[in-house]
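As given in TrEMBL:
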- 58-78: transmembrane segment (TRANSMEM)
- 185-219: region 'Disordered' (REGION)
- Glu306: active site, proton donor (ACT_SITE)
- Asp439: active site (ACT_SITE)
- Cys503-Cys532: disulfide bond (DISULFID)
- Glu546: active site, proton donor (ACT_SITE)
- Glu575: active site (ACT_SITE)
- Thr664: Ca(2+) binding site (BINDING)
Amino acid sequence: MYSGAGAATAAGPPRRDFISVTLGPEEAVGVGGYNNSKAWRRRSCWRKWKQLSRLQRSVILFLFAFLAVCGVISYTSMGEVWKGITNKSLDDQITEQEIPRLKLANPAVLPVPQKADANHGDYPELSLQKPPKLPHVRRGPSNLQIKAPQRDTRLKNRHDTMRAVEELVEADKVEKTEKSIISWRGAVIEPDQSSEPPSSKITEPEKPSSVETEDQKEPVPINERQLAVIEAFRHAWKGYKDFAWGHDELKPLSKSYSEWFGLGLTLIDALDTMWILGLKEEFEEARKWVANDLAFDKNVDVNLFESTIRILGGLLSTYHLSGDSLFLEKAKDIGNRLMPAFKTPSKIPYSDVNIGRGTAHPPRWTSDSTVAEVTSIQLEFRELSRLTGDEKFQKAVDDVMKHVHTLSGKNDGLVPMFINTNSGQFTHLGVYTLGARADSYYEYLLKQWIQGGKKENELLEDYMRAIEGVKKHLLQRSGPKKLTFVGELAHGHFSAKMDHLVCFLPGTLALGAHNGLAADHMKLAESLIETCYQMYAQVETGLSPEIVHFNLHAQKGHKDVEIKPADRHNLLRPETVESLFYMYRFTGDKKYQDWGWEILQNFNRYTRVPTGGYTSINNVQNPSNPEPRDKMESFFLGETLKYMFLLFSDDIDLINLDKYVFNTEAHPLPIWVPA
């Protein structure tokens, strides 16, 4: 209670205080006095300045000059520090979209890799600290029959021989480049002419069973280049385990982590890579985290596309390779939690789902989804239906493809980048690209057709029409080397811009040719993979930027590839290595392995962080300072190193491409065979 009034009354009559203000003629309002204008304030300041003595004014001017000199000196010494901080913050804002693709088969034999600290002098590091030691090996994809995941008994033999091989390979590290060329063609499988689509009836899956004895083959020993990939993986994993365990992505320079969904993205993305590379100890450690700590009942928004290809795809793939039902149970859980995304007026799914609340919504700024995102989740949901016997997953994604098949707004099979979730119609018409926001639509047309046993003719028709559209509208040749590249079309205007993401296309074309499609698809694949390699070879660090522009005409002193300052970053992307894997698997040409080996060496030279991990970089044109961004994307372990390992293998049964198809995050899923 406030008691000030009572105290005043008790002391006698209150005292009154007055303030006297005298206004001179110049200060009186309305008589040209103070009116708070800028002109009045300038005159007032100038009068005060003139009232100072000459000594006082000289001291003040000297202080201002001294502070200015100090500021210039501080700026030059702190410039690089502030630049690094800015780069880190910018990197944290980058949201990755899309990208890889392929197919799977049987494992090869992996000896235990050499110790991680051996021969580090071969790979100059980004900082001065010693690289950490790395763990141990195992491996093994299975010989899947379509009914259920099966465990390849070859793996057991492999794991038994690991320790013996480890002692033999421990001291060696790879440095040679093979030059011999062996040509051979994979057998071409004629497409199934049956018009009957795969049955929509889902049969109850069987338990994983062991492979028949006649299917077992002697494992193929891993070679030195594969060992180098294992060492790189262990180095990256060491950083993740030490500084980001259980979190989404490693920030190797600051020895911390960043979160996107808070679901351990890097760990889940890397599970099947560890299995294929034979890293038994790392795999078991990661499995324990999945069993004990991975929980999806949390109030968090996730991107439907990214969580499908990375989490659902990674769990399904690991289930098939390992036969461990833990991963299938987790896959069912996340699959069910993603289903609210499909509750839209058009059945075109929303981009974001709250997996704890069971709600979904488009981005805050639009009601559109990107075409690539809504048409690149089909392999995973279809396989989830096959394994669980629940048709709802496959029906939801098949409805999307059927709807997109009927839409107008295409240009000779090429699709726009956006589609509205309310109307179900394409938006932003007239812009066509095979880069971000559209790329994996084309990839999944072919791969769904392959996954379903080559019976869904609408998918094949759309794919073939789209490739013809690419040839007609987007293909050009550069100068001076006449490189074939895929540009973009915007309202009839051709742009000689090509995203690194487009480098998935050579591998996809080669996969189609291997499955009986037109032979000229392989010719085009050979031309395009040369271009993708040149996007590395013509750059100072030997690493490709995110985007390049091609010169259409030869100019003196200019290469084919031009790079704009905003596009010169490298995110450790997998697309070129992915296509190199397909090209080597289908042609046997050793040059593709040699190109991949160059890329791996340059990753080690410019992106490797000594304390563990690899980092994306801001400037591929500056070998002396590539400007590390302090972020290791989950797909570096999930895709880039996995495809590197497969590229260097001569075992065609290590993820056999007649038995597996890769999703766009490099997670192998089985091709369905007749019951």
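Even glycines carry a Cβ here, placed using N, Cα and C.
Cβ neighbour density within 10 Å is lowest for Cys532 among the disulfide-bonded residues Cys503, Cys532. Around the Cβ of Glu575 (active site), the number of neighbouring Cβ atoms within 10 Å comes to 26. Taking each Cβ in turn and tallying the other Cβ atoms within 10 Å, the top scorer among the active-site residues Glu306, Asp439, Glu546 is Asp439.
All protein chains included, the residue listed as 'Ca(2+) binding site' registers 29 other Cβ atoms within 10 Å of its own Cβ.
Comparing Glu575 (active site) with Glu546 (active site, proton donor), their Cα atoms are 11 Å apart once rounded.
Distance from the CA of Cys532 (disulfide bond) to the CA of Thr664 (Ca(2+) binding site) is 18 Å. Considering only the recorded positions Glu306, Asp439, Cys503, Glu546 (active site, proton donor) has Cys503 as its nearest partner by CA-CA distance. Taking the Cα atom of each, Cys503 (disulfide bond) and Asp439 (active site) are about 10 angstrom apart.
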